[in-house]
Amino acid sequence: MSNNHLPTIAIGSLGGTISMTQAHGQDGIIPTLSASELISSIPGVSQFATVQASALNQVASIHLKRSDLLAALDWAEQQVAAGAAGVILSQGTDTLEESAFLLDLLWVHEEPLILMGAMRGATAVAADGPANLLNAIQVAASNNSRGRGVLVVMNEQIHYARWVQKKHSLSLAAFVSDVGPAGTIVEGRALYFSAPPKRMTFARPAATTKTVLLWLNHLDEHTELLSQQDILDPLGEKFDGIIFAGVGAGHVSTLTAQWIAKWAKLKAVIICTGTGSGSTSFATYGYPGGEIDLQNHGAIMGGFLSPKKARLLLWIILENGLNPKVAVRDYLGSMIY
Ligand code: DAS
């Protein structure tokens, strides 16, 4: 497919439900389709763009590693250097919000990088993969999409990587942003509801040497475990940073707060809200394990960052040798006006 008047869009497939089919006699669907097979499911795609397809990986998204995403980033940058007007990565939706956020922290180009997938397998009735991929091509080919970083295109909506989350296990409308979608697709045109956002990017880590633990807080959590220093001390030593998905606006139990008081002096500790939406508080609650107590012990409040996004941001901050307090504060500042 080549037409000199049309933009070139590069599509790399990483696997996921969009590529999954069920072989005869096999239990369940598994990734089988390559990027070029996905494109062949879209009639008329050559009206919108000259499409170049590459098979990068073929796995369920929980099997992707940060190193796979760094390799996909390198591939996407090569496509832009070779003249692509936009790049698309198709992958499983289970970890798509994390891949999109991680790549957004590293994507320095004006050209859009689009992440997309499907909620239904390739052979399901009313499979959404072809429509999502056509929309992704239309968004990637649009001048309106330039300078907006990494975008997620699903279910006729466009989302910014920093806000989007998978909030439903199976619905076609699984992907939502707390602040609403960035835009939508109407008759093949990518329409945005506001100007491009502020962005903050980081140097690409050379390797994945740092480990950040993600811990979900809850009622009466592990009281027996948390009082045993001989269990917790070795655990704390194994991590370079810890994210707590706190209850409410970012709160933890008294015992967890005591543990944080020890580790926040030695490691980067970020407290997020585990509710799924909204910001942490910073200066409201004064009880042990409330945010004022935690910050007094050196913990950083994660603001609007979801726990999963905070984990990836902290990982990149640590790999870059930056001061976590300063870098997180600057990043949170880039999310709002
Ligand atoms: N839930 C499937 C999907 O959305 C599996 C995966 O994430 O790869 O593609």
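Cβ from N, Cα, C; glycine included.
The model shown is predicted, which means the values in this text are computed figures rather than measured ones.
Positions annotated as active site, O-isoaspartyl threonine intermediate by TrEMBL: THR17. In the three-state DSSP classification, THR17 (active site, O-isoaspartyl threonine intermediate) falls within a helix. In sequence order, ILE29, GLY92, THR93, GLY117, ALA118, MET119, ARG120, GLY121, ALA122, GLY129 make up the list of same-chain residues 6 or more apart from THR17 (active site, O-isoaspartyl threonine intermediate) whose Cβ falls under 8 Å from its Cβ.
Among the features that TrEMBL reports, substrate binding site is placed at SER61, THR93, ASP94. Within its own chain, ASP94 (substrate binding site) has GLY16, ALA60, SER61, ILE62, LYS166 as residues 6 or more apart in sequence whose C-beta sits under 8 angstroms from its own.
Taken from TrEMBL, the feature domain 'L-asparaginase N-terminal' applies to 9-193.
Residues annotated as domain 'Asparaginase/glutaminase C-terminal' in TrEMBL: 236-325.
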Output field, substrate shell: CB within 8 Å of site CB centroid, site SER61, THR93, ASP94 dropped: GLY16, THR17, ALA60, ILE62, GLN91, GLY92, THR95, LEU96, GLY117, LYS166
Least Cβ-crowded entry, counting other Cβ within 10 Å, from the binding-site residues listed as SER61, THR93: SER61
Mapped DSSP class for SER61 (substrate binding site), helix or strand or coil: helix
Site diameter for substrate, Å, by largest Cα distance between SER61, THR93, ASP94: 7
